[in-house]
């Protein structure tokens, strides 16, 4: 009696792909019941096809993987490393981590990244907010509180990734943004009425007109499947949520997406498809891309958002940087008056990519 016959007689369900091994899970994306080995194969093959069809990489490129120690970036580092060997992509891979300065969270997650460096044999570079901006997130939260802290962190983190990538002299940055993340972003941009971001948030590669493009190999990969892959592969990752994010606006969109997924799993891909198919009216005025007068970073305003936020922090007026940059007059921008022990941001050269 063969294995398949034994399983059928014993009431076990066979993998719907190989029809030989016992099914170990139901894929959240397709609801197929498959074995672990087939899950590994289809999971990795789907990512490979996304990379090939979208021409995300070219042979010989240096790629920085945004590594936080969480499930997404850890699985991305592992899978990219495996696919690079298997299909001879010819890439030089690096791990790039941002230390926001969050005690009890980021310091612990960075220990995971350091272990990943050894496990996957990928060089690691860590860039800290303290070195770049003169502030840690712990210090910022003490001043601003928990209401708008994610605004600061998001702006600083995006710029820190670019600066770290420039230090590594890479051609692209690969991030672990998954399908759930992108669906959330589509909803958030609709709710905010942010037409500029809505028009590009579903792009698999962004920043091609900037210093260093970013790509998202997990664009069509469900978060649940990333978790399953990490669990079955026994990957070493950090699973604690940021201690400062419980009230983040994105969290409400995330819960809504999860509710939709429970009712109809394909809802996540449908939201992404809707975002891809949005057409912005030609009469809509889009912000013009320029550079920050102070630091030279990409900006559609006189000052980039990071410089505006830092100016508010350094002047002891953190709410000055919340909202739109036009909240500061040109005189305020050009003639900053630091108070107390605050350091002028010119000493940090925020955003400058000239190393």
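Including glycine, each Cβ sits where the backbone N, Cα and C put it.
TrEMBL: automatically predicted annotations, no manual curation.
Because the structure is a prediction, the values reported are computed rather than measured.
Record features (TrEMBL):
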- 66, 67, 68, 72, 98, 176, 181: ATP binding site (BINDING)
- 63-247: domain 'tRNA(Ile)-lysidine/2-thiocytidine synthase N-terminal' (DOMAIN)
- 290-320: domain 'Cytoplasmic tRNA 2-thiolation protein 1 C-terminal' (DOMAIN)
- 321-343: region 'Disordered' (REGION)
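Long-range C-beta contacts of residue 181 (ATP binding site), restricted to its own chain and to partners at least six residues apart, with a cutoff below 8 Å, comprise 223. Pairwise Cα distances among 66, 67, 68, 72, 98, 176, 181, the recorded ATP-binding residues, top out at 19 Å. All protein chains included, residue 68 (ATP binding site) registers 22 other Cβ atoms within 10 Å of its own Cβ. Around the Cβ of residue 176 (ATP binding site), the number of neighbouring Cβ atoms within 10 Å comes to 23. Averaged across the domain 'tRNA(Ile)-lysidine/2-thiocytidine synthase N-terminal' (63-247), the predicted model reaches a pLDDT of 93.
Each residue of the domain 'Cytoplasmic tRNA 2-thiolation protein 1 C-terminal' (290-320) gets a DSSP state, and the totals for helix, strand and coil are 13 helix, 4 strand, 14 coil.
All protein chains shown were included, and the count of other CB atoms within 10 Å of the CB of residue 67 (ATP binding site) stands at 31.
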